[in-house]
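**Q** I have a structure I would like to understand better, so I am pasting it below and will then ask my questions one at a time.
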Amino acid sequence: MSSSVPYDPYVPPEESNSGANPNSQNKTAALRQEIDDTVGIMRDNINKVAERGERLTSIEDKADNLAISAQGFKRGANRVRKQMWWKDLKMRMCLFLVVIILLVVIIVPIVVHFS
């Protein structure tokens, strides 16, 4: 066994006769290729999970900002609703006063004329 290669119990030891079993070498090379492919896929998955975490943090921040904006919008909408209610009330009071004044202007001369 060569001292430059670390011991791996799953890899059979290399025989001194390199051409003795080419089938075994092909299988070993294929297994190593599959392992390398799997390691690459796992690294990609880990990177994607990290990116997903960053995006989730960004989305969470945006959701918080949206909730704050929604509260401000709700307060503004309530303020406008109250302002419009007061404006409508003032308009109704003005119309009521105009109707009362018109009735007084019409009824008082009639009552004075017939009395």
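Cβ coordinates come from backbone N, Cα and C, glycine included.
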**Q** Here are some residues: LYS62, LYS74, LYS82. Which is flagged as ubiquitin cross-link in Swiss-Prot?
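**A** That would be LYS62, per the ubiquitin cross-link annotation in Swiss-Prot.
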**Q** What residue among SER58, SER69 has an entry for phosphoserine in Swiss-Prot?
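**A** So the answer, going by Swiss-Prot, is SER58.
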**Q** Counting only residues 6 or more past its boundaries, what in the same chain has a CB within less than 8 Å of a CB in the transmembrane segment (94-112)?
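**A** Residues packing against the transmembrane segment (94-112) from afar: none.
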**Q** In the domain 'v-SNARE coiled-coil homology' (27-87), how many residues does DSSP put in helix, strand and coil?
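**A** So the counts come to 61 helix, 0 strand, 0 coil.
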